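See structure below.
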Amino acid sequence: MFRHYFQIAWRNLMKRKFYTLINVTGLAIGMTCCLLISVYLYHENSYDRYHTKRDRIYRVVQTFRHVEPGAKLAAATPQDYQVWGCAPLGPALQADFPEIEKVVQFMSPNSFLLQNGDKRVQQDNVLFMDSTAFDVFSWKMIYGNPHTALTAPFSIVLTRSVAQKFFGNKNPVGQPLKVDNQTNVMVTGVMEDLPPNSQFTFNGLMSMTTMHKFREEVFGWWGYVDFYTYLLLKENTDIKSLQAKADQFVKRRNPDDKGYAIKFEKMTDAYLHSLATRQPGPTGSMLNVYLFLCIAIFIMLIACINFMNLSTARSLERAKEVGVRKVLGVRPMSLMWQFLFESILLSLAAAVIAIVLAKPGIALIEKLSGKEIAYVNFFNPWLFIAMAGFAVVVGIGAGIYPAWFLSGFRAITVLKGKFNPASGSVSLRKALVVFQFTLSIALIAGTIIVFNQLKYVNRHDLGFQKDQMLIINFEGDNKVQKNIEAIKKAIADQPGVVAVAASRAVPGEFLPNAGTGIQAPDGQIAFQGPLIYEIDFDFIPVYHIPLIAGRAYERSHLTDSAQGMIINEAAAKLFGYTNPADAVGKKFEQWGRKGYIVGVVKDFNFRSLHQAVEPLTLRYGYPNDLNRISVAIKGENIPATLAHIKTTWDNMAPQRPFMYHFLDESFNEQYQADQHFGQLFTFFSCLAICIACLGLLGLSTFMAQQRVKEIGVRKVLGSSVSGIVVLLSKDFIKLVLLAIMIAVPLCTWAMNEWLKDFAYRVSIGPIVFIEAGIITVGVALLTIAWQSVKAARVNPVQSLRNE
């Protein structure tokens, strides 16, 4: 029986090659998109799942919120949570909770100049890490003992790629590396590079005992928040019970601080489901996952609708075949299975093409997403089985209506030539077409909104000078720090240089919180945890940050460096000053320094526009606190200016490579994930629209066949080709207008959810949907024009010969 079905199906498919090609192409593109999106979503959901103890690994997330006495504590927002805390927290938790098996702490990433002989590399993302790391995390050690590699001071574990830079393929364990031209560390291990689905992004691990040698005091400070704390819980630990105990732990240690809280967050939830918005590694968006899942479903639905419309549009061609076979005694159910078999055969052919296209498609997805996802094995037999099953389901889903529709023809009506293929099914087909257009318009409008937002964040006034700002990194080089003023002056004297400043970190980079007390309006010192910049006298004028009260740091005021403090508007409000001028002159305490507020700067966006401006203190930084030089340069002849600056640097700091970047480029890197999302969204939207255009071709074919006699009569009565084209297009335009009305609220809701991730965002206005409608109508008219003109040019004698 199946052989018989196959022979008939193959003959019919080959007889109508054009429609077969359209159907297979549409289904193949749809399946390819579904497969690519599935691989991408699998990658997004796989972060940190390679750890064998992943179900027992949690990290500590904290909130530091100001609560006025007697005020009700509001629910914490994602902006209130942060993943870094203080060093004493980890040991204190382990001492209080027997459920905790191991504690791992590490500090914020550092950049070190590493040297082996003549080979010098400025290596970013080196972490100070506890020795228990390899007992908790499943990082594969190539050389060295994972249990002892991070126990001794001045020990470092390198990733494979970093080790190869210095030592090639040799075992480097026991070899020394010089750090920042000052300290020698010993290589005690080499580990495999981190997989692409890891939230950790380090290139090396330095023993935490090394930090003890340099800054032993920070390990006793509860107000120094630069440590990340991970916990390995014992088997069968009840996390809800542990969380309740943590709440009591906080109350015992901070009975008067209602705004402080501790939460335990599962490590595998950190990428997509984190409580906190600011994290040390890459993060994903569950909303984006849902959006791409919807796009995959939409694309497959559009492809299936195309198949239905094209199949029913060809019903006139197959009506007599059905009539003859019914006269010969073939039962309707057998006919239905025959047509379903054709549908499944087409779907299986499309699935084979999809698997072939998916392999090169992954390379394109990697480029658009900026993520490495090629580790998926496309030759896995389970993938072929899954795709075959999916193809059968799609074949049945897409073919069930056409099969039922075609098998239901009455033989006598068909053979007399009085058959109307649209009878009883017009409403369903129009509904399917409206649904298809609704999805297409929503995707086009969504693409426009995404790129409007990206354009907005790139053009938004951040409140400081970002362009033509050169940043020189001298992380940890005490020779540069000691000679910082002379180096700044030498650079400032070069042609093309406008001004020079120094700081610890620049806009767009990580900033620590600082336990800070400022005299409140009631005269009492209130402590909060604002962020902190350490800057020199020139930072505020070089960056053109406006002052709204008081003054900037000035060399003529001798006490500024030891007793001065500048805050932003948000910090002034945090400490109770609605009028920023009232904060000037008030006392402050921060990290052992006491003095007075000398100025308040206007809020500026030192982070991405995903976050609102946070409370910030701009503290004077002594030379040994600084690690960046900011050089404002002129916009013309930049290569020559760079050459002059490099020559000056090499003369004054020969021990340090000249490493620089432009601030606008590094700042915009904060939007890389959004740009990649926009590129992926556009790519899949374009493919969806291409598939929809195939559906329009089916619609135009169906409309022309349905109205073939009407067109013949109109031509006999003198209608022109253009008039008939307009006639055939009118119904289509009505469907598009209806689709626009349906797409507007759906797209507005979905994209407003996406825009909620930005503190500063565009509004969704009617112009977006007008543009989407114009694009859709334009593309559709181009698609439908060919079939409309073809139908209008048919000789009326052919269409009316049986009348």
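Backbone N, Cα and C define each Cβ position, glycine as well.
The annotation domain 'MacB-like periplasmic core' is assigned in TrEMBL to 20-248 (among others).
The feature domain 'ABC3 transporter permease C-terminal' is assigned by TrEMBL to 294-407 (among others). Within the model, the domain 'ABC3 transporter permease C-terminal' (294-407) shows a mean pLDDT value of 77, rounded to a whole number.
Under the heading domain 'MacB-like periplasmic core', TrEMBL lists 438-643 (among others).
According to TrEMBL, the feature domain 'ABC3 transporter permease C-terminal' maps to 683-796 (among others).
If you look up TrEMBL, you'll see 21-42 (among others) marked as transmembrane segment.
Sequence-distant contacts of the transmembrane segment (289-310) (same chain, at least 6 residues past either end, Cβ-Cβ under 8 Å): 19, 22-23, 26-27, 29-31, 33-34, 37-38, 40-41, 44-45, 272, 343, 346, 394, 397-399, 401-402, 429, 432-433, 435-436, 439-440, 443, 680-681, 684-685, 687-688, 691-692, 694-695, 697-699, 701-702, 750, 754. According to TrEMBL, the feature transmembrane segment maps to 289-310 (among others).
Among the features that TrEMBL reports, transmembrane segment is placed at 339-362 (among others).
What TrEMBL records for 382-406 (among others) is transmembrane segment.
Residues or ranges marked as transmembrane segment by TrEMBL: 427-451 (among others).
What TrEMBL records for 680-704 (among others) is transmembrane segment.
What TrEMBL records for 732-751 (among others) is transmembrane segment.
Only residues 6 or more beyond the boundaries of the transmembrane segment (763-786), in the same chain, are considered here, and those with a CB under 8 A from a CB of the stretch are 437, 440-442, 444-445, 448-449, 452, 689, 693, 696-697, 699-700, 725, 728-729, 732-733, 736-737, 739-740, 743-744, 747-748, 751-752, 755. The transmembrane segment annotation in TrEMBL covers 763-786 (among others).
When each of the listed stretches 21-42, 339-362, 732-751 is scored by C-beta pairs under 8 angstroms to the transmembrane segment (427-451), 732-751 comes out highest.
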